[in-house]
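**Q** Okay, here's the structure, questions in a sec.
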Amino acid sequence: MQSRLVSQSGLGRRWAVLRCALSKTYQRRTLTSTRRQFQDVFQSQLEDPTSAALFSALNSSKAVPQTLTEKIVQKYSVGLPQGKFVKSGDYVTIQPHRCMTHDNSWPCALKFMSIGASRLHNPDQIVMTLDHDVQNKSDKNLKKYRQIEEFATQHGVEFYPAGRGIGHQIMIEEGFAWPGTLAVASDSHSNMYGGVGCLGTPIVRTDAASVWATGKTWWQIPPVAKVTFKGVLPPGVTGKDVIVALCGLFNKDDVLNHAIEFTGSEETMRSLSVDTRLTIANMTTEWGALSGLFPIDSVLKGWLRGKATTAAMGLADGPFKTRAAERFTHPLLEQLFENPLTADKGAKYAKELFLDLSSLSPYVSGPNSVKVATPLKELEAQNIKVDKAYLVSCTNSRASDIAAAAKVFKEAAEKNGGKIPKIADGVKFYIAAASIPEQLAAEGNGDWQTLLEAGATQLPAGCGPCIGMGQGLLEPGEVGISASNRNFKGRMGSTEAKAYLGSPEVVAASALSGKLSGPGWYQTPEGWTEVIRGEGDGIREEDRMLTNEEALEKIIGQLDDLVADGEKRFASETPAVEESEQGLTEIYPGFPERVSGELVFCDADNVNTDGIYPGKYTYQDDVPPETMARVCMENYDPEFSTTAKEGDILVSGFNFGCGSSREQAATAILAKKIPLVVSGSFGNIFSRNSINNALMGLEVPRLVNRLRETFGSGDKVLTRRTGWTLTWDVRKSQIEVQEGPGGPKWTHKVGELPPNVQEIIAKGGLEKWVKNAIGA
């Protein structure tokens, strides 16, 4: 565990602010307190032995305790100032342990070559897999696959061909996603690596090309949410039920763009297998999170020991030659657990949620939305006919999942004279293993054969129906139940179909019965009333038993909050002191020290990338900048083009830029010659694409709310010229807003834009930054 002491200068400031904060608190209570009185009170605290011990502990405590997420990012951040400890909100340059690309490897390669790169910075950092369109045998797709394989061979990259398995599963079973490391992938379900204690998070193609060429890209550390599990899962309830319930019960964007850390008592976490954790972590993507991290604990250690033993016996590879045996070794395992990374006591979380697993029952997601989750029992009563069932995807198609599905048919065989029953008439049941090793394991147990005997249709190991590709897609009017991770309208076929998500046993039972149903393994506990969940850690204050150390940590945490409040007051009331003591942000040469403009307000939340740049232009590569400027925001407001002017600052509501990953959503705004976008919050991919393409952005909820207070009454105006102006002082990390001629003027602190990100924007975006870095 990393540790650090407060520097003398940092401690001095901490005490100064704490004195100031305590003084103001005391003044608010007495209305007559003076600084001299405060000093006397403070001195009296030091004379009390208990208080003296507290302040002594505060003296030697860590300056800012880190979450597990922050600790891992700390390890893989480069170019940090000496003594810098990263925290949520920081922009950092990261050098990830691994970077995986799949079928999009060829577009990444084209981008890589277009920037003048000729060799990979570190071939061992890169993994390439073919998994998405593996059923497509067209000449065009096979040519692309050959090009990817040739590129990988030329550059010495570990490559996994079509049919070997899904990239995320390969990252896990081949040891690329190693506990305590940072791994990225150009795919949204890289969150899955968190199931083995590896911080996995998605990147876009330009980022991947940057990692290939330089070994690095950038990342803004998200706010971190702690999710505490209590109790243990009842028989018949699975990890899929856990994450489906979380998506449906906390469905107000509770963890949108957060990094999640799952925790719980030793008993609770011991009850969650690695396969269960992988399922939960995988679907944190659908919950809106950027990562889903489980602890590095005894459960994981046992799983890794099994992998290391298998590798040492030469059994890890099967018919496939890999280097897994070099990654799964007992010496590496012992080294990992000598001092495993954990969150510091007192680490700050943006929010805390809890779920009592013992109160959970089987859940089903949908139709056509992960935000709709219903207890299976309620849906069974509706006799919903099922046309297609799917045991596929990286979420739930490992050997343990296949075994659970096979068990449904094996139990039914006991009532059928020992003969495996067939799936219901009119139902098609598709199965595809997450990888060939998982399929081989299922075959070794006889489970794969059981499903085939029941009438299942085998698909190649890889993606397929779950991403709307290949055989078995839903037709108009059909109903499907799938063990995959995403069920929005049209995802698995027709937009006129209904898609539900459930556990492997629910999928199997539904295929067998012909209607949405379960195997009957779950029995409602006596006295059950509801799923127990909420904010916090779920421990009632009257039940909270704290050790002296924990009580001290709690008090220190409360004092740290008081310090933070005092710093805010200190900053607002004594700006000169703030600047001299905290310093100013360094400005990268060529980056503007100030950005100013008139505010044009698009008053809407969830403006998606299709609203910003119409989809019909997305795959036209020859659209000139003038046309991009003209169609910018066209699907949101056709009048935007004539209302917004060059040099304006665009302000919109919350979750601006959600939706697809099209880079043109950023470049179209730049084509309109708007240099800065301000919103209540941004979609994560839009944020990445903005910086990668040199568009500046600020999150200022206060400004959005103030604009709505001022202009909210009367007729709705989609795009409004406000007459307000904003000046962003980059050095001070502060904006100044002038509410029209003669109106109020106010300032507000904003997040720091550090020099490493300024450099990317000043160079004209990430591609040009990479060109400069490699001397192309």
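Using the three backbone atoms N, Cα and C, a Cβ is placed for every residue, glycine included.
Pasting the feature list from Swiss-Prot:
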- Cys394, Cys463, Cys466: [4Fe-4S] cluster binding site (BINDING)
- 1-38: transit peptide (TRANSIT)
**Q** If you count the other Cβ atoms within 10 Å of each Cβ, which of the binding-site residues Cys463, Cys466 comes out on top?
**A** Cys463
**Q** Near Cys394 ([4Fe-4S] cluster binding site), which residues of its own chain have a C-beta under 8 A away, given they sit six or more steps off in sequence?
**A** Ile166, Gly167, His168, Gln169, His189, Met192, Asn282, Ala434, Cys463, Asn485
**Q** Using DSSP and three states only, what is Cys466 ([4Fe-4S] cluster binding site)?
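**A** In the DSSP reduction, Cys466 ([4Fe-4S] cluster binding site) maps to helix.
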**Q** I want to verify one value. Collapsing DSSP to three states, which class is Cys394 ([4Fe-4S] cluster binding site)?
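**A** The residue in question, Cys394 ([4Fe-4S] cluster binding site), is coil (DSSP, three-state).
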